[in-house]
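K.L.:
In case it's useful when we look at the structure, here is the feature table from Swiss-Prot:
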- 536-546: compositional bias 'Low complexity' (COMPBIAS)
- 547-559: compositional bias 'Polar residues' (COMPBIAS)
- CYS25-CYS201: disulfide bond (DISULFID)
- CYS47-CYS174: disulfide bond (DISULFID)
- CYS381-CYS427: disulfide bond (DISULFID)
- ASN55: N-linked glycosylation site (CARBOHYD)
- ASN79: N-linked glycosylation site (CARBOHYD)
- ASN109: N-linked glycosylation site (CARBOHYD)
- ASN133: N-linked glycosylation site (CARBOHYD)
- ASN170: N-linked glycosylation site (CARBOHYD)
- ASN302: N-linked glycosylation site (CARBOHYD)
- ASN352: N-linked glycosylation site (CARBOHYD)
- 528-559: region 'Disordered' (REGION)
- 1-20: signal peptide (SIGNAL)
- 21-473: topological domain 'Extracellular' (TOPO_DOM)
- 495-559: topological domain 'Cytoplasmic' (TOPO_DOM)
- 474-494: transmembrane segment (TRANSMEM)
Amino acid sequence: MKSICCVLVLCLLLCRRSTASESICELKDVSGNSNDWIVLREKPLGCWTDFQTENGTEVHIINLEDNPSVFTVNLLKANKSVVIFTSSSAQSSHAMLFDNPAVSIYVTNKTSLTFIHPTQKPLQILTAPPAGNVSAVLRWAAETFGGVTSVTNARNPKTITFTGVKGSQNSSRCELMPETPTEKPFIHLELNEPIEALKSCYMKHEGEKLHIINIPDGVTIRHVSVHLLSDCNVVLRGPAGTHWIIKNSLRIGILSNNQIHLQSFPLRPRMAISDNPTDIRQKALSYFSSGFISSYSEIRLNVTNVELWITDYSISSAPTEVEKTTPSPTSPPFPVQMQLFSSPDFTTPIDNNSRVLSDKRVYAEISSQTFREASIRVSSCWVRSTPVTREMPFREEPCFIKDCPKRLSFSFQILQDLPAGSWDLECAVKLCGVKRINNEESCTSETPVKRNVQVKPFTPTTNSCFEFGLSAVLGIAFGGFLIGVLLTGALWFIKIRTGHPVALGMRSTAAELSVLSISGCPCGLTKRQPVPTHPSPSENSSANASIGSTQSTPTSSMA
């Protein structure tokens, strides 16, 4: 029973180890440190100048690392020169030498190097003082010969050949800097490629690319120059003290546990990441909210400086030679983007085909996925449409979220007098951050960020009310007067024809007209009084007589 349990535990441990190493994908050795999606190059310390002594002698220093047992040195085409061999390795090496009488050979003390001379001619090997490193040899050579033409690092060489081509460098002082030895025209190096220096795997998928570079703990790499040849997200993980430098300026997202410089702008480590692939995978997918990883690579090259190129995998375009990549003149020095919104809560984005009315306020969000912790400063904005350019006033909008982008708002009222068209909204921005060493603020140079927007002038709606001019007012007044005269005449005529007495007079007519003018109706708002009837004078006398007789009768009867 115990044996069965032990076997099960052992199987579980093996499965767990296998799962941890292949949790992302199955790693494979990259032959020559180059394939379709990743290229790795060593960047050893070296230098190259145009120095020559007074008699035209060049001075070259060859630093041997990981000495092979046998290699070849070809000096047949070399110019008149001094060649100094040095190595910090205790391993013995033998060099097959094709010498040149115009070349003097020096070997530093404690460098175990033996030359094999095919012609068996006497060979004079001069001894240089012992040196602990290349810098010390460089100082000794500069003091002895007055200067140094070149310092070249040769790691595990097969052949070292001097071509005799003259260099064309302007500098006369040799200062050690990371370099690519193959760029020197006067020397050709053929090196033995290190074994298992680079392992990588690639997984094709649609959507945004995510690349992971892992330098396991214990590897001595400390400086990595990275070239990203397309927009992507990248995880850069290395031992403590590793420094990453990103050379280009694409729209990229970065996650790292080390210090990063992007276009000379420092980025602080985001989070602690172990060299375990499972931990890296989990944190990468969570940080970028992604479901896929495009490539995973492990670098185990024990050198100080390396250079790395990463691109999208394409069967039709496999990079066999690495070309120098220089930013295009139109590309910004750092990746920033601008998004436009139609609402002050920045939740309704404006697409490129939408038209914005000039009387509406537009809200802009300027952000950098790469520099999330950096503050963005906007100095000025303008709109441009050939050949018109106008300054664009803006207002900063508040933001209360973590790592908030820069928020602004604009009004296109300044374009109200221009026809509808396409405009480039452009702002000059710079990124600012605090240096980790001295806590001083550091800002990038200003760079433009722009977004195209379709602007349509605002057209107010037409008023449906009538507008009267002076002539219309005078015409209405005269018409009202004429209607009043006609109505007055008509009323007067009606009164005469119906037998109304003159006693009605003008007062009654005036009263009716006043009611008419006030109420707008002949009936008026007041109750009309009954019209008394007045008899003619003849009738009036007889009436008086009858009244008088009538009044006397009751008197007599009562009497």
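Just so you know, glycine gets a Cβ as well, placed from its N, Cα and C.
Keep in mind that what you see is a predicted model, and the values were worked out from it rather than measured.
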K.L.:
ASN109 (N-linked glycosylation site) to ASN133 (N-linked glycosylation site): how many Å between their Cα atoms?
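P.N.:
Computed Cα spacing between ASN109 (N-linked glycosylation site) and ASN133 (N-linked glycosylation site) is 12 Å.
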K.L.:
CYS174 (disulfide bond) to CYS201 (disulfide bond): how many Å between their Cα atoms?
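P.N.:
About 40 Å separates the two Cα atoms.
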K.L.:
Given the glycosylation sites ASN55, ASN79, which one's Cβ is surrounded by the fewest other Cβ atoms within 10 Å?
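P.N.:
Taking ASN55, ASN79 as the glycosylation sites, the minimal 10 Å Cβ count falls on ASN55.
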K.L.:
Just jot down the residues in the same chain as CYS381 (disulfide bond), at least 6 apart in sequence, with C-beta under 8 A of its C-beta; none if empty.
P.N.:
GLU391, MET392, PRO393, PHE394, LEU408, PHE410, LEU425, GLU426, CYS427, ALA428
K.L.:
Go through CYS25, CYS47, CYS174, CYS201, CYS427, our disulfide-bonded residues, and report the one whose Cβ sees the most other Cβ atoms within 10 Å.
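P.N.:
In terms of Cβ crowding, the pick is CYS427.
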K.L.:
By CA distance, which of the recorded positions (CYS47, ASN79, ASN133, ASN302, ASN352) lies nearest to CYS25 (disulfide bond)?
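P.N.:
Minimum Cα distance from CYS25 (disulfide bond) across CYS47, ASN79, ASN133, ASN302, ASN352 lands on ASN302.
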K.L.:
Counting every protein chain present, what is the number of Cβ atoms, excluding its own, within 10 Å of the Cβ of ASN109 (N-linked glycosylation site)?
P.N.:
10
K.L.:
Between the Cα atoms of ASN79 (N-linked glycosylation site) and ASN352 (N-linked glycosylation site), find the distance and write it as a whole number of Å.
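P.N.:
About 63 Å separate the Cα atoms of these two residues.
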